[in-house]
Amino acid sequence: MKKKTIALFILASLYGATASAESLTLEASTNKVMQKMNELAELAKDPANVIQKGDQKYLSYKGKELRINFDGNIKFDLMDFHSEFNTVFDFIPSAWETYWYDGGFDIYPGKSDECKFELFAAARGSKDNEGNYSWERPLSTVLTTTGCPDVTQKESIFFNTNTVTNDLSGNLAGAVLFAQAHIVPANANEQEKRMHLVGERKTKVMLKPENELDYYSTVTVTATDKAGQVLGEIEMKNPSQLAPNVLSMPELTTTNIDFSYDESKAFNVSTPTTEAIAAALVDHDTVVMRTWNGHWNRMFDLEQDNPKLDGKTFVFISSAGYNSHVNYYKDRSRTIVNGTTTVFKNVNGAWILQDDLIFNEIGYAQGYWSADLPKEWLKPGLALSFANGDKKGTLNSIKVGAPTELLINTIDVGMLVEPRGRFDFQKDKEVQREYFETAPVSKMIVNEYEPVHLTEVMLPDGTLLTDHDPSDGGWHGGTMRQRIGKELISIGINNANYGIYSSSGVGEGENPYIAAQLTAHNTRGMYNNGLQTHGGSGGAGMVTLDSSIGNEFSHEVGHNYGLGHYPGGFAGSIHRPADMLNSTWGWDSSKNVFIPNFSPINTGGESCLDGQCVPAFNGMFKYGSDAMAGGWAMYGAQRFTMYTPYSMYFIQKNLESKVVFDKTSSTGFRKWDEATQTMAEYTHRIENMEVTSVNPWDANETKIAALFENFDKVDLSTWNGHWARNMSVPAASEINKGKVFTFNSSAGYNSHLAINGQEMLVPYGSRLTFVSDGQTWVKDAPFESTKAVHPEKYGVPVTTLVGYYDPQAKLDSYIFPALHGAFGYVYSDDSADLIAGQCALEVETQSGSVLKYALKNNRRNADNMNKFHVNVATSDNPVSASVVCDGQVLDTRTIDAPKLAPIYTVQGGDAKARSAAAFFSAPVPRVEATRYEPQACNHADGEHNH
């Protein structure tokens, strides 16, 4: 038996080879263990690090309280052993087994007693009458390596092999990279468009020194803020611990695995089922299953995380005409096709394929030390100093942008049919996290509305549908798709959150989209051509989805970021190798894995667009495309498409132009100010006037006086072909005091306007504004056409009331069933300011109080009703709603209470926000991503973002 005793001191370095290119051996790791034990013993000597509890002392370390033994070393607590161990020795592979033993521990890379490391904590017996201990032993260790496997590895394959360019000032030189949703260089190429760091988001920093450091070197990174105050210091992880690619399997300690098998010793499964395979593997080391036509099944699952299966082999031989699918490792599945033999091998409880092995050899880059910076440090003015011994290098001028936010409201709607029940993004909280990892945002909130079944549908022209929509529906077509799903429900939810209570019943124009707030809906409806499911469009705060997991989601949300199809052409839409522009990998910050920008399927194919091509990575793996250019989710663990750096630049620019809701602001909102690098207070204003227009040939004092009876502002415009010579306005009086008249002339002919008892010439290019003070029309007088609003309640469960109303009382007004959301913004009602006879939505609460919300008094569109959209706090217990105009009740509806508990999720943000979103949610079946490519269409309403 080969055993070694490890001393309590460590020589400079036992291994000079590049750590990221070698497998971490047990012997190498135990030296690192003892180095860490020495470090903790030194920390325990400083009283500032020590907590006294009775007679016992504890070392405060990374949120843990570690017991200090009588010899000054730490001891591990049985009840919290694994948590303490993983905190202290975070470099030990997770696949290795660890066991507590009397304050010490044992480490097993495999299952053999001939390959282990034992650490025995110092101990002593009881005291005798003279105060002496009956026995005592010091801390000791034993390393056994006789049974350790050969860890000789194939040479690693690195994606980024670019020459190191020094980014630091000082005597420590090296290249620095950051990782958030994308990996980005510390100093961007001025010729390239790519994202900068998002404020207040967890960030990985990576340093590659120009001169390679010894394996056991200590490298630290210290952060300071814009005032020069130290935020903290972190010890960086060795390059061998740099985040792996998403397909790397931690169970593999070597890629030298034999996939051959002895067919003569194999057990043949007679029934093609998951259960039959599992039963056979209990008693047999090699199991073979054959399928053929009539003897087949679609789905199979191999048991995961069962160490008893280590070393076993499963062989799938297909002669069936139909494909089968085998789920064999976490989020991984293999499609089995006719005429193939597929061999699965179990290693340490994990099933693997030979194709998987190469991903344990592929890394992002070699020689990078890394550390994860807490999101609280990511603010403008951040500076980082890296240190190794007496060498120090500093990185200043780090570009940190806005802490951008994204709010996604989600709702499943059935129109004249039950809702589909397949809004998978809404229900799958893990997939929401996955999307967050692809977007340049600090915080993402997903708000869940209860599903809605509309048994009848009112249209804004007064048509009530009870059986079907007479139009032809489709993925991109259908009256209800546009008027109800997009305009009434999506714009309605968004506008309610903006404090806008009414707008035009048709069109998408009265939709400010000032915040990164999207309402994503699954809708389907009954049409002249039968039941139709809608999908495939996005923009202006609306997302119409069929398949909500995969590129349809990434693509349509991309339109909301302002992206078109194939952004930047070949140069911007195709991912690239590291030595070219538009190259990056993604980073999943929760799982700490990198997402490559190429497909994991070895086809050797080129990635081409517009006659230009990029060759495959390593001659094997085809580079991906942007979400707006036919891309797809290439990895099962990340079900959304990676945007290219070019697209991400514009996404971030769009998000930084949006406001965020913020109750700490006196105005209720904040917006990024690039000049001051701060989130400045923003005043949100909404239209406060009833506005109409008058044709030039109708612009006489009688007509305009009649318009002023209902409107606050009358606009007159002329252009060639839309002109008259003589116009007049009524005399200023108390009746029209405060009213506004504007005249914009773009006609080639002059006009003459009679006003204030005189006639004035209005030539081409005139821009005139008059305000009545009750005695005269005052030219260029100031007037207030908007008012500032802000929520009074932030992020609370809401009852959103939507519907149509006709201020002229000619068409049948209609209140739709209440929509119930988990997270919304509520504004004060207008009871105190409401004018007699004004249109209003009146909401009665369970307590008997009535909330009144002012609505526009005139049709916004001449031929259609207006729509209304109001949030009422669910806690107010609304019981009924009525639309009233000029004292006449136009419609009334009883409000049903919510049927489900309010659910919303918060990704990123602070701990308080995430805690407020805590919920109980039953597990949902995993839904894989779907492929989706942009489509062109000629939509009647001018909608082209598909």
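Backbone N, Cα and C define each Cβ position, glycine as well.
Caution: TrEMBL annotation is automatic and unverified by curators.
TrEMBL has this to say about the protein:
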- 1-21: signal peptide (SIGNAL)
- HIS555, HIS559, HIS565: Zn(2+) binding site (BINDING)
- GLU556: active site (ACT_SITE)
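Locations of recorded TrEMBL features on the structure.
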residue : record              : CB count, 10 Å
HIS555  : Zn(2+) binding site : 30
GLU556  : active site         : 28
HIS559  : Zn(2+) binding site : 21
HIS565  : Zn(2+) binding site : 19
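Under the DSSP three-state reduction, HIS565 (Zn(2+) binding site) is assigned to coil, being neither helix nor strand.
Looking at HIS565 (Zn(2+) binding site) and the residue listed as 'active site', their Cα atoms lie 10 Å from each other.
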